[in-house]
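Taken verbatim from TrEMBL:
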BINDING   A:Asp85, A:His200  Mn(2+) 1 binding site
BINDING   A:199-203, A:323-324, A:368-371, A:Ser375, A:393-396, A:Lys472  GMP binding site
BINDING   A:His232, A:His323  Mn(2+) 2 binding site
ACT_SITE  A:His393  active site, GMP-histidine intermediate
Amino acid sequence: MIPNETYYRRIDLPAGDLHVFAGDALFRAMGAKPLEIANNNLQIPNIRYMSYTPDAHVGVGTCIGTTAVWQADEGFVSPTIVGSDIGCGMRVHLTNLDADDLKDVKLRRKLVKAIEKRIPTENHARGHFSDIRLEDVLIKGLHGLPGKYVPDAYTPRRATSLTHVEHARFRYDEDALNRIPEHLWHRAHRQLGTLGGGNHFVELQAVTLDEANRDIGERWGLRDGQVIVMIHSGSRSWGGAVNQHCGSEVVKTMRKLGLGTADPKLAFAPLDSEAGATYVNLMYAALNFAVANRHLLAFAVRDALRETLGPQAETRTLYDLMHNYALEESHDGEPLFVHRKGATRSLPPGHPDNPEPYRETGHPALIPGSMGTSSYLMVGVPSGARNYHSICHGAGRVRSRNATKQLVTVDEFAASLRVGQEDEVVVNHRALEAIIDESPQAYKDVDQIIESVAGAGLAAVVAKCRPLATVKGV
DNA sequence: ATGTTC
């Protein structure tokens, strides 16, 4: 397959090359700031590759949509590139329901209420899982959850589908874990099972398979009209606690080694420094928190589905996949240290790093849309190796929260959710004002993003998933 | 994204 270069350009910046995977319109819409940020990021020593996906947009010190790669034996880790929401990512469960089963708006409302009862969405919400030991979750991830929260029907331990971190047991420096202040432990503990705000969501969606990859979709257990549960959430306050705790030591190390870039806020340290190693350790704990938390959210949705639609409702795990992290990976047999910030790993069929159930098809790459718009299930293709098998993380913000509040009226927002129509996307918030900064007008068009990803030869669409009901936090 | 908040 020869990728279409309409969707790729190499930008020759003073500090090094930036690879951008985006069509003309999306590239122009990015503006100049992402290039300035890239030029700062490229000043981190030994960086070997840096790219933007078409949904890239400005974040703190780095862009959301960044893939940044080092050789493992001379690697650097940057808490700024990974960002505060360590382990943020997606999870999808497949139900045995059909979209027609949820045709009734009142039933969708009842279901949303049942989910809200189990998943607190308000600010400062406390989760309903106080019988879980936070330390176990941080150290062992899913393996640290009591058995009752890992039901056989979708337990990743035995079942057919896994994430690439669910089974990883990261090595811990438990002393580093214990140096995180106690009040932050308590805060994280009571947040287990909560959703968080911003673009995070729990959504029920209806599947439409893409004809070109129908066979892969069917092997994953998908069918047209099927209802799936999509979850987008991260490590809640724990990720921020890790970044705050590690920040000062990382900066001290930079001073000691005489390192820095044009951006004083851009923090990074050698992987083999004490500050770098401690950060990586605590980042792993945040990845474990995030995966276990998404698992608990899915457990709560399963319970809500059963209460609303009967005990025969199933929710089997399809996959759980992060888009904010840094991990060692092997590419063409070479050990590399890969940062993905708002970038999704997407391995092609036959790639040896696919978990066993997805070895032949490639694993599902889970891509959220903005509110009221479709999400996508994608799969890697061989030519995705040119971007270290990284694709987009979603639609990508195009307008700040404040600018969106100024621009969009509640009526326009309601219209985009088809409020009052038979096919209304039912939202938990009665007052849409509270989440108007999440309206689709705040985001790029996800369909265009997907077109660029596919056009650049990074991945292919397996299914388009239309929203039926959405639960959002504030 | 998050918590905190002059």
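Even glycines carry a Cβ here, placed using N, Cα and C.
Feature map: TrEMBL annotations on the structure.
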residue	record	CB count, 10 Å
A:Asp85	Mn(2+) 1 binding site	28
A:Asn199	GMP binding site	22
A:His200	Mn(2+) 1 binding site	22
A:Val202	GMP binding site	28
A:His232	Mn(2+) 2 binding site	25
A:His323	Mn(2+) 2 binding site	29
A:Asn324	GMP binding site	27
A:Ser370	GMP binding site	25
A:His393	GMP binding site	29
A:Gly396	GMP binding site	27
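Using a 10 angstroms CA-CA radius around A:His232 (Mn(2+) 2 binding site), the binding-site residues that qualify from A:Asp85, A:Asn199, A:His200, A:Asn324, A:Ser370, A:Gly396 are A:Asn199, A:His200.
In sequence order, A:His323 are the binding-site residues from A:Asp85, A:His200, A:His323 with a C-alpha within 10 Å of the C-alpha of A:His393 (GMP binding site). Taking only the Cα positions, the spacing between A:Asn324 (GMP binding site) and A:His200 (Mn(2+) 1 binding site) is 14 angstrom. Rounded to the nearest whole angstrom, the C-alpha distance between A:Asp85 (Mn(2+) 1 binding site) and A:His323 (Mn(2+) 2 binding site) is 10. In the three-state DSSP scheme, A:Ser370 (GMP binding site) falls into the coil class. Look at A:His232 (Mn(2+) 2 binding site): DSSP puts it in a strand. In this structure, A:Asn199 (GMP binding site) belongs to neither helix nor strand by DSSP; it is coil.
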